[in-house]
């Protein structure tokens, strides 16, 4: 009789050999594009708030300072005219909002996922795990179930649905995908972030300027990545390796960013010192992540930072003495798409690997080997992912 297999032997066989690797990235936005220069006039007109002249001037200044050129939004003028309660500052409107996002969030996620799967080039039956993240609405079964059905994933795909996480969650999906890939040999994880502002859009209020900050910054977008360990380089092309991933709550930051799902939709509340809280703690986060690697020059690594707003990026740059070039991909995504909550950092990863190839860099990380990805959001929560780039071959740049 053969000896029984030990638990240790089973565990060894279950685990992957190498680190989790990003194998493909796809992004998608709604068709409706909104230019920031035109937005204050449109926003105050559609919300019937044109009599608030001083408030409109404040909002115009917010938009001017946002460093955003354009955003994409599912909400069109027609949809808002049909749903006037969504245009008030506080009016019962959750049903109307839910009716939109429950359909559109998985649909936008599908568009991004299809692009990632196409780039990956493998049959979707090889997808073993699905992680879906959104702060836009809630449903049962969730957006993960809807997406699995839309894509025709196998019925036994292992799903994880993350609702109501907020702007840090692009880092969260990578951290979770990393653990899934490294602890399940042969796993291929489809991780998707899909965000639609229909749940947060509301009219202006003179007594709640923090709500208007969100109206000036937020945009719609979805991004998807395929993550797996031990890539088969005959048919799979690695983009970035994930070396470590961690989450922390910043000290003395309670209430800095809050969101509450109510009859009136999702309301956001921001404290002014959010950029200060993040910049004050950024060096500790970098030190915790990179001291084990012997790295302390923050200009020697590539940067992917959630662009919560320009003030956060400005203060982080100043605090750690970053060259302007380090945040180029991050600022490009802020400019061209706005703050898409959890999806942003995946858009930035996509921009970075594409720009690195176009500019003739030796690696996917702007020619550098090591990099950091930061997510910032409610808590105040910070996600830190240490990345390692891969060499760009002549074929990969094509």
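Positions of Cβ are set from backbone N, Cα and C atoms, glycine also.
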**Request:** Figure out which of 311, 318, 329 sits with 58, 59, 60, 61, 62, 63, 64, 65 in the CoA site per Swiss-Prot.
**Result:** 311
**Complete:** Once DSSP output is merged into helix, strand and coil, residue 64 (CoA binding site) belongs to helix
**Asked** residue 311 (CoA binding site) has how many other Cβ neighbours within 10 Å of its own Cβ?
**Response** 17
**Asked** Quick one: which residues besides 200, 219, 220 have a Cβ within 8 Å of the substrate site's Cβ centroid, in sequence order?
**Response** 71, 72, 73, 74, 195, 196, 197, 198, 201, 218, 221, 338, 339, 340, 341
**Asked** How far is it from residue 200 (substrate binding site) to residue 311 (CoA binding site), counting Cα to Cα, in Å?
**Response** 22
